[in-house]
Amino acid sequence: MNIFRLAGDMTHLLSILVLLLKIYATKSCSGISRKTQELYAIVFVARYLDLFTDFISVYNTFMKVVFIASSLAIVWCMRFHPMVRRSYDRELDTFRHYFLVGASFALALILHEKFTVQEIFWAFSIYLEAVAILPQLVLLQRSGNVDNLTGQYIFFLGAYRAFYILNWIYRYLTEPHFTRWIACVSGVVQTALYADFFYYYFISWKNNSKLKLPA
Amino acid sequence: LEEILYHDEL
């Protein structure tokens, strides 16, 4: 464990807590893409299949349980909570996210570390996580305005993967046989997807203006 | 050991 990875995991946890706070406090999920949340739930379930077979550390197991439980809770809220589901931007959240699931799985069948069920689902979860934010970014482009909590949610989500890139550089420099191309390349692609959002977020923060995304 | 350490990241 290194400081970059810990910072990454903490900002990832923070992004989920910000989202839970927004949904719980405002009883609204306007501006949040349910499709992105569903993709994240698939990512965590597919990636943590080893939850009961490989014990790495209490921290590792605890965080896996938190990520799976929180992502499923968010999807459940957005689908079944009477107050929250009413505020879902159904007509804006129209990204065909099943294509992302199919493409990621197809890629995982081709590119993986080992041809085992667990490794293929792990690679699938890595690829899917890289593109899972797309429905959310498309929804924000359509809705134009971004409320503070949603903006912070996406900012922390992008920062988490950026910290992981620093973690991979650090591990590459300090651990002799550390090679993790699938996660590295996919993580760089994922962070790049946030680049334009980060740009507009920084501009709005600098001008102290409301975050507006160009339509 | 290599196998288990492999997915030590979240």
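Cβ atoms are placed via backbone N, Cα and C, with glycine included.
Features as listed in TrEMBL:
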- A:1-25: signal peptide (SIGNAL)
- A:56-77: transmembrane segment (TRANSMEM)
- A:98-115: transmembrane segment (TRANSMEM)
- A:121-141: transmembrane segment (TRANSMEM)
- A:153-173: transmembrane segment (TRANSMEM)
- A:179-202: transmembrane segment (TRANSMEM)
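Between the transmembrane segment (A:179-202) and the listed ranges A:56-77, A:98-115, A:121-141, A:153-173, the one holding the most Cβ pairs under 8 Å is A:153-173. Residues 31-33, 35-36, 39-40, 42-44, 46-47, 49, 89, 92-93, 95, 97, 100-101, 103-105, 107-108, 111-113, 150, 154, 157, 182-183, 186-187, 189-190, 193-194, 197, 213-215 of the same chain sit 6 or more residues outside the transmembrane segment (A:121-141) yet have a Cβ under 8 Å from a Cβ within it. Sequence-distant contacts of the transmembrane segment (A:98-115) (same chain, six or more residues past either end, CB-CB distance under 8 Å): 39, 42, 121-124, 127-128, 131-132, 134, 182.
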